[in-house]
C-alpha cells in the first residue's frame, strides 16, 4: 500500500477534499465528460423505463418483476449519487467537495451498492422458489414476504454503510486533501489518512468479502438447484424459457459481483487506484446501464409490455 498522506499530525484536519478524477488535458476531460454523460443518460432512461413499464403493466405485477423494479430503482439512485458531481468536476477548475458532502456521497453509495448485492441474492432465491417449489411459491413469495425481503436488503445495506462511513470518516485526514478518484470511496480515502489504517482495511476486506461470498453462495446454490430441476423437465420449450429468464439474472450477477470483488475484496485493491477508477466506472455506470437491456432483451414479457406502452404513447 502506498504511504499515508504525509503531514503534521497536529495540523487542522481537512474540511474539504479535491476530487482528482482522471488524468489528462482539457480534450481528454471533454471526451470523458461526453462519454460519461451519454452512459449516464442511457442508464437513467433505461431504468426509468423499466420502473414505469413494470408499474403500469398488470402482467408484470409478480414477485420477480417487483424485485426487478427495485433493482432498477437502486441502479437509478446508484448512478445519480456519483455522476452529476463527477460530470460537474470534469471540466471545472474547482473540484472541491466538502467533508460533509464527501461523507454523504460515500454513505449513500455504500448503501445502494450493498443493498444491490443483497437484492441480487434475493432475486436468485425468488427464482429458486418459483422453479423448484412452484406449489408453495404463492405463499412463500406473498406481497408481504417480498416487501420484507426488500426491506431486509436495505437494512443490511444501511448497516454496512453506517459501519464503513463511521470508521472511514473518524480517521484524521491531515495530510494531502486530494482524493485520487472521481468520487468519495474507501480505498482512496484511506490513502489520505495520517494514521495506521490496518484495522479499516481489514474490516473493509472482511465485511465486503463476507457480503460478496455470502450472497454469491446464495446465488450459486439457488441456481444449482434450478439447473437440476430444469434439466429434469420433459419440455424443451419450457427448459429454454427458464434458462433464458435465469440467464438474464446470472449475467447481471456475474457482472456486478465480479467488478465489486476486484475493487473491494482482494488484497492490493486499495493500492491500485488507476485500475480502481476503471473498475469503478463499470460497476457504478456501465452495469446499471446494461441491466435494463439484459432483462428487456431476453425477456418476452418485458418486450410485450414495452410494445404495449409504445402503442399507447403513439395512439392519438
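Cβ from N, Cα, C; glycine included.
The transmembrane segment annotation in TrEMBL falls on one of the ranges 3-23, 66-86, namely 66-86. Feature annotation (TrEMBL): of 178-197, 278-297, the stretch labelled transmembrane segment is 278-297. Checked against TrEMBL, the range among 227-246, 247-266 recorded as transmembrane segment is 247-266. Feature transmembrane segment, per TrEMBL, maps to range 202-226 of the set 152-176, 202-226. Averaged across the domain 'G-protein coupled receptors family 1 profile' (46-295), pLDDT for the predicted model comes to 86.
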